[in-house]
Each structure stands twice: as structure tokens, then as C-alpha cells.
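The carbamoyl phosphate binding site feature in TrEMBL is assigned to Arg65, Thr66, Arg115, His143, Gln146, Gly271, Pro272. Sequence annotations record features per position, and here TrEMBL assigns L-aspartate binding site to Lys93, Arg176, Arg230. Here TrEMBL flags 13-155 as domain 'Aspartate/ornithine carbamoyltransferase carbamoyl-P binding'. The domain 'Aspartate/ornithine carbamoyltransferase Asp/Orn-binding' feature in TrEMBL is assigned to 163-308.
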Amino acid sequence: MTERTALPLFPHRHLLGIKGLSPLDIEMLLDRADADVSISRQSEKKTSTLRGRTQINLFFEASTRTQSSFELAGKRLGADVMNMSVASSSVKKGETLIDTAMTLNAMRPDILIIRHASAGAAALLAQKVDCSVVNAGDGAHEHPTQALLDALTIRRAKGRIGGLTVAICGDISHSRVARSNIILLNALGARVRVVAPSTLLPSGISQMSVEVFNTMKEGLAGADVVMMLRLQRERMEGAMVPSVREYFRYWGLDAEKLKVAKEDALVMHPGPMNRGVEIASEIADGPQSVIQEQVEMGVAVRMAVMEALLDPRRNPDGAAI
Ligand code: NCD
């Protein structure tokens, strides 16, 4: 634990997005997460960094990996973790997000992890409660811990992020993963490309410091990292893609399309995957895939984020001492 207390104090009380973090803040979290990876690889996985602290996971949207990852991260740090099951809560009886949050706040948690279908939900919550808030995905806005775990996976595989060419492919317009990754990768000096049909590009994409490509062949040429995104059919209004088969033919990652990227290019996907839609099974399970590493890094990154936000050197009201 001695090396942990020597780490610089993270200058934020909440993690609401990658936007607003400096490159130094990001590197600090990645360094901390790098050290946390070894905890999960030991047979004794429980530490006492957050002993006595209460973590509440408040997930208003379905989630398997993100919720379980936050739960394990909290438990490995020794915190008491409660999962608020929204399906069986008063939310179903019409309670608003703020009322739910205020009720939970009165139980004096130290950290609230929130996932919600509306952009801005985490920021709203952070204004109302007394504890730290982590955004685990708010609508199509941000998903900061996903971008951090992606960065950690890339940094561990390639040794750096600056100077790499990263192609983010597929449903950019509905993706908080794409948004957070674009901001983070740019902050750390990567060259970011987005590769998508024009119907799946957000209107403000030209202001996001990315190069836009309309074919996989051009977009993947010479890439160091190929990041595939799930086709988010639940967020689409109307048919934005003609058919799943046609989507796979033009935009799905298969061996043929991957050939134009660098030979040692990493293949990533945040999950859940639609096999045969945005990615072929043989690629998802193939030698270039780091999809399982991403899941492993997810636990470490979430441990690092919670440790950084709940640093004991900070006052309970959040001010640094
Ligand atoms: C992503 C999400 O929920 O934004 N999944 C995740 O957190 N692992 C991506 C997605 O749903 O496609």
C-alpha cells in the first residue's frame, strides 16, 4: 500500500466523462490500473483500500460486463457493494431519478456508479448527492471507464498510445464508447479515424479531430488498432442500415478486411458482440483479438478510478487536504 499513497492526488471528485480530464489525469489512472492488474491475478484478491466504504451500483439500463466489473472492483478493494436492482425498485412506480438518488444519498454511500439511458444523467446526479459519482454510460454521451480500459489494453500491448493509428468502426452515432475513446485517444496523441456509413456518423463529427472514412478498406489501411462497435439497434429510430447481411458485407470485420491493417494490429470490441453483424467469429476469437484482455483490464481500471476518487487524503466533502 505504501506505493499507492505516494501516488499524486487525483484532482476530481467525480468521473463523469473523459472530457475535462487532462492527459496527466488519464495517465495517472492508467498507471494506477496497471498496478491493480496484479491484484486480480493473485489467488488472494481482496485488499483493504476501500474497507468500510459503501459503493452503490445504480443501473437503469441492462448491463452484464460493466455492472459485474464495477461490483468485483469494489469487492476486491474491500468496499461494501450494493446493486440497486432498478427492475424491482420504486423507479417502476414512477419515482424520478433525482428522488431515487436522494433516497440512496440519505443512506450515506461513498460512491455511486450510475448507468442511465439519458445523456447528462450522471452529471445531474453529481450535483444532487454528497458522494462521488462515476458515469458507467449515459445515453450516447460518454462511457469513461470503457475508454480507460481500452487505453490500458492498447498501452500494455503496444507500449504506448501516442502516434498510433486507431480506427473506430461502425455505429459511431449511437456510441458513448466511440465518443469517450475519441476524446481520450486524441488527448494522448493517437491518430483517430472513424470508419462508418454516413447514416451512422453523428452530425458534429467534423469537430471531433478525427479523420472520416467511408470504406473499411481505406479506413483500416495501416491501422495499429481496429476497434469495432456494436450496431446499437435499440437506439435507432427507423432503418439506418438496409439489412444485417448487407451491413456485415460492407462494414463487418472479417479476415479479408483486416488484411489491410498492420500485420500486428489489435482487434477490439467493447461487447456485447453481435457475431456475424459487426465482427466475424473467427476474428473475434482469433490471434489478433484482445477482447478478453479488455474485460480483464475493465476490473483494474474500475478499481483504479474508485481508489483515486475515494483517496483518503481528500476530505469527506471532496476538497483536497
Ligand atoms: C457498451 C455500452 O453499454 O455502451 N458496452 C459496455 O459497456 N461494455 C457498448 C454497447 O452496448 O455496445
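Positions of Cβ are set from backbone N, Cα and C atoms, glycine also.
The shown structure was predicted, so the numbers you read here are calculated from the model rather than taken from an experiment.
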Going by C-alpha positions, which of the binding-site residues (Arg65, Thr66, Arg115, Gln146, Pro272) is nearest Arg230 (L-aspartate binding site)? Pro272
Could you work out which of the binding-site residues (Arg65, Arg115, His143, Arg176, Arg230) has its C-beta surrounded by the smallest number of other C-beta atoms within 10 A? Arg65
Among Arg65, Thr66, Arg115, His143, Gln146, Gly271, Pro272, the record's carbamoyl phosphate binders - longest CA distance, Å: 16
Which has the fewest other CB atoms in a 10 Å radius around its CB: Thr66, Gln146, the listed binding-site residues? Thr66
Indicate whether Arg115 (carbamoyl phosphate binding site) is helix, strand or coil by DSSP. strand
Can you tell me which of these binding-site residues sit near ligand 1, meaning the Cβ is under 6 Å from at least one of its atoms: Arg65, Arg115, Arg176, Arg230? Arg65, Arg176, Arg230
When the domain 'Aspartate/ornithine carbamoyltransferase Asp/Orn-binding' (163-308) is classified with DSSP, how many of its residues are helical, how many are strand and how many are coil? 62 helix, 24 strand, 60 coil
Cα-Cα distance linking Arg176 (L-aspartate binding site) and Pro272 (carbamoyl phosphate binding site), given in Å to the nearest integer: 14
Inter-residue Cα distance where the pair is Arg176 (L-aspartate binding site) and Arg65 (carbamoyl phosphate binding site), in Å: 16
Cβ-centroid neighbourhood (8 Å) of the carbamoyl phosphate site, Arg65, Thr66, Arg115, His143, Gln146, Gly271, Pro272 excluded: Ser63, Thr64, Ser69, Ala136, Gly137, Val177, Pro270, Gly298
Out of these binding-site residues, Gly271, Pro272, which one has the fewest other C-beta atoms within 10 Å of its own C-beta? Pro272
Of Thr66, Arg115, Gln146, Gly271, i.e. the binding-site residues, those within 10 Å of Arg176 (L-aspartate binding site) when Cα atoms are compared: Gln146
